[in-house]
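J.: Sequence annotations record features per position, and here TrEMBL assigns DNA-binding region to 18-37. Residues annotated as biotin binding site in TrEMBL: S89, T90, N91, Q113, K184. Marked as domain 'BPL/LPL catalytic' by TrEMBL: 66-255.
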Amino acid sequence: MKTKILTILSNSDGYVSGQQLCEQLGVSRTAVWKVINRLKEEGYLIDSVSNKGYRLLSQPDVVTSEAILSKLQTNYMGRQVFSYDEVTSTNTVAKQLADEGKEEGTLIVSDKQIQGKGRRGRYWESPKGSGIFMTVILKPKMKPVYASMLTLVAALALNDAITDLTGLEAKIKWPNDVVVNKKKVAGILTELSAEVDYINYIVVGIGVNVSMKDFPEELKDKATSLLLESGKSIGRAQLIAKTMEYLECYYERFLKTHDLSELKETYSKVLINKDQVVRILTEDDSYTGVARGITDEGHLIVEKDNHDLVEVYSGEVSVRGLYSYT
Ligand code: ATP
């Protein structure tokens, strides 16, 4: 009922009468009043005027399931939310919940991560209250070998959501980072549970720097936040909901072909590396070339100095600009 009342108040410009809420929800006035009070305690500023009703004046920047669901317009993506104050990492919790059988689209969100993870054992800085740390469970019926493409699908969704809500020109640094003004605002970590030819589930973890004003010394030259770049406070619940909407849409298109043939043109348009010189860093080698786009499988196409085209697989490498992070 809290989610329903919040949804009605969020979608209304003016006052909503207590009577209207009671009738719409089929509950008593006292029940409505109790929920309104609970919302006020949580930081929602709600004006209550006798004979007029309730009006939502402002919302706290929280990542509770009510805050997210009251803004969500999807069929299944993010429809079931598990929200926490603190977790080791949302991917870890998501894997436990997926093992218990939680359905596709289930979303795990936390206000803070103690052990936020990046690719290959790296860390993800996840301070309390200023970022989005979330993971969505997916269960596509396809071969495990296709799973890594979902990182690119999620990057596209996240990039669109950030652009929509901030007006910033967000770009993707292949394969899994969203950058603004050449610095990283978000990253994606996809993990897989599979049999040889069957996917049990995939967890797609997304970290976004929303309102950090500062970063640890070692990240200062490559990390930034939406607040630092746009000067605007972006509601985290709103951005989560918007990302889920785009993700559902792009995921559905991906499922039609099980590759990126439908999405690669859109992806290439926001690929910051496109036609730029990149340095490809592998475990024991590094070389430079010009990034030309991606293949249907999501590999980066790099033109080497001798004009040979090579396909770079995301598992093995990091990509850098020649002189900076991008
Ligand atoms: P790289 O970012 O080095 O190209 P990558 O994309 O493979 O590599 P990820 O696994 O996406 O790296 O992210 C982990 C890395 O991102 C960490 O090693 C750290 O340098 C950086 N990082 C950690 N926390 C944040 C953050 N909140 N914002 C931006 N960058 C971060």
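Every residue, even glycine, has its Cβ placed from backbone N, Cα and C.
Please go over these features one by one and say how buried each is and what sits next to it.
T.: Looking at the DNA-binding region (18-37) alone, the prediction's average pLDDT is 90.
Other C-beta atoms found within 10 angstroms of the C-beta of Q113 (biotin binding site) number 26, with every protein chain shown included.
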J.: Taking every protein chain shown into account, which of the binding-site residues S89, T90, N91 has the largest tally of Cβ atoms within 10 Å of its Cβ?
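T.: Counting Cβ neighbours within 10 Å, the top one is T90.
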J.: Report the largest Cα to Cα distance, in Å and rounded to a whole number, among the residues S89, T90, N91, Q113, K184 that the record lists as binding biotin.
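T.: Farthest Cα pair among residues binding biotin: 20 Å.
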J.: Among S89, T90, N91, Q113, please name the binding-site residues whose Cβ is nearer than 6 Å to ligand 1.
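T.: Cβ under 6 Å from ligand 1: none.
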J.: In the three-state scheme derived from DSSP, which category covers S89 (biotin binding site)?
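T.: Reduced to three states, the DSSP call for S89 (biotin binding site) is coil.
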J.: Please list the DSSP helix, strand and coil residue counts for the DNA-binding region (18-37).
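T.: Tallied per class, the DNA-binding region (18-37) gives 17 helix, 0 strand, 3 coil.
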J.: Please report the DSSP secondary structure of Q113 (biotin binding site), reduced to three states.
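T.: For Q113 (biotin binding site) - judged by DSSP and reduced to three states - the answer is strand.
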J.: Helix, strand or coil at K184 (biotin binding site), per DSSP?
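T.: The residue in question, K184 (biotin binding site), is strand (DSSP, three-state).
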